[in-house]
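Asker: The structure under discussion is supplied below as structure tokens; questions concerning it will follow.
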Amino acid sequence: MTAAIGAQPSHPIDPATGPQDEGRTYAAYHRPWWFRTFVSAEFLIIALLVLVWLVAMTSVDNFSGPLTVRYLLLDIAPLLMIALPMTLIIVTGQIDLSVASTMGLSSVLVGILHVQVGMPIPAAAIMAVLVGVLCGAFNGFLVAYVKLPSLAVTIGTLALYRGVAVGLLGTTALTDFDPRWTDLATSSIGESRIPAIMIPVVILIVTFTVLLHFTPFGRGLYDIGHNEQAAWFSGVNVARSQMTTFVLSGAVAAAAGVFYTMRFGNSRGDNATGLELEVIAAVLLGGVLIFGGRGAIHGVLAGALLIGVLSSALRLEGVTVNVINIIIGLLLVISVLAPTIISGIQQLRSRKTQRKDTSGRTGTGSTSTDPSPSNTDAPPVPATAAPQESAPIAPPRQ
């Protein structure tokens, strides 16, 4: 291959015209809508969510009450927010383990800028989100351009960002926030019990759904997850796409950190510790393939809601946080193993079908006869054929 590194092919292939599979965008499916809806990992997780919700309603006191639903939505709002860009990252075959540390660093920066420096909360929030963008850009640069493994990079930045957050505040907590903003973070929409934070969350959900499932950018992310080199040859700017996903992850994680700080009214270096486990579990439970190339936003939403409903029900039953973390960890392991097990079963079935077809063709070929007399009366083929006249060889150029 003599093409220069970084050059784009002169005639890129439109991925929309190539072979389609289950990992493509909504608009590119060839299967009927009912098949896509009911025969999918996303539908299974939605069905499991409904089942868990019904069991919790019948067995846990006050679970279906409006106050419980309100706190459930407040609890899962950061999870829903961060799971959206995490979906884009994992679809490309990468991962970001630093989201919770970015969220904690954002919380610390809002506290320092507002409480200690005296900056208004909107300005402090903007500064925190910009720092989150820088954190995501640093991750994206190392992964997309330096070509380091995202797992190793984000494990390192997980410790780096958390260390900076704890180093800035130590073990102290800043709590002197403007009550207007803390009240706004926990306010409701009109007279309902639905938290106002769900308005920006829904806007983010719609934005990321359109971005992933209805744009060439999202189609390129699926192509990268299937085969990065093939995506590059088809005209996808792989490095820029990967960089964009990590920048979005850092920005949304920082925004979630601002909400987290305003909701609880405190800024600490250890805020949101361990949230990355829940985010990744929600994404994988939602049907996103850990190796990339497949996934859908509605499945991720169902996965996040399942974790939120399960955690809320267990807390109401008096289950400790450690036990809840163990259960979430088990769900994460199952969500990683399930696609591999299903793929293995499908391969076994495919091999059995191929063997049956091969044996059937072999048996038919061994017993078949042709009664036509031409087979027996045909003259024998001569051993040698008349030599063909070969084309003259052109003389070498002088």
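Cβ from N, Cα, C; glycine included.
Please treat TrEMBL annotations as automatic predictions, because they have not gone through curation.
Feature list, courtesy of TrEMBL:
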type     : residues : note
REGION   : 1-20     : region 'Disordered'
TRANSMEM : 33-56    : transmembrane segment
TRANSMEM : 68-90    : transmembrane segment
TRANSMEM : 97-117   : transmembrane segment
TRANSMEM : 123-144  : transmembrane segment
TRANSMEM : 151-174  : transmembrane segment
TRANSMEM : 194-214  : transmembrane segment
TRANSMEM : 243-262  : transmembrane segment
TRANSMEM : 274-292  : transmembrane segment
TRANSMEM : 299-316  : transmembrane segment
TRANSMEM : 322-345  : transmembrane segment
REGION   : 349-398  : region 'Disordered'
COMPBIAS : 360-387  : compositional bias 'Low complexity'
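Show me how these features fit into the structure around them.
Answerer: Within the chain, the transmembrane segment (68-90) has long-range Cβ neighbours (under 8 A, six or more residues past its boundaries) at 62, 96, 99, 103, 150, 186, 188, 193-195, 197-198, 201, 204-205, 208, 211-212, 218, 221, 245-246, 248-249, 251-253, 255-256, 259-260, 263, 272, 275, 278-280, 282-284, 286, 288-290, 292, 295, 297, 300-301, 303-305, 307-309, 311-312, 316.
Remote same-chain residues near the transmembrane segment (123-144) are listed as 94, 96, 98, 102, 105-107, 109-110, 113-114, 117, 150, 153-154, 157, 161, 238-240, 242-255, 257-258 (criterion: CB distance under 8 Å, separation of at least six residues from the stretch ends).
Outside the transmembrane segment (151-174) by six or more residues, the chain places 95-98, 100-102, 104-105, 107-109, 111-112, 115-116, 135, 138-139, 142-143, 266-271, 273, 276 with a CB less than 8 A from a CB of the stretch.
Remote same-chain partners of the transmembrane segment (194-214), defined as residues 6 or more beyond its termini with a Cβ less than 8 Å from a stretch Cβ, comprise 25-27, 70, 73-74, 77, 80-81, 84-85, 87-88, 91, 184-188, 221, 252, 259, 263, 296-298, 301.
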Asker: Give residue numbers and ranges for long-range contacts of the transmembrane segment (243-262): same chain, 6 or more residues beyond its ends, CB-CB under 8 A.
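Answerer: Residues 77-78, 81-82, 84-86, 88-89, 92, 94, 96, 99-100, 102-107, 110-111, 121, 125, 128-137, 139-141, 143-145, 177, 181-182, 184-185, 197, 204, 217, 221, 271-272.
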Asker: Restricting to the same chain and to residues at least six past its boundaries, which positions have a Cβ under 8 Å from a Cβ of the transmembrane segment (299-316)?
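Answerer: Same-chain contacts beyond the ends: 40-42, 45-46, 48-49, 52-53, 56, 60-63, 68, 71-72, 75-76, 79-80, 83-84, 87, 205, 278, 281-288, 323-324, 327-328, 331, 335.
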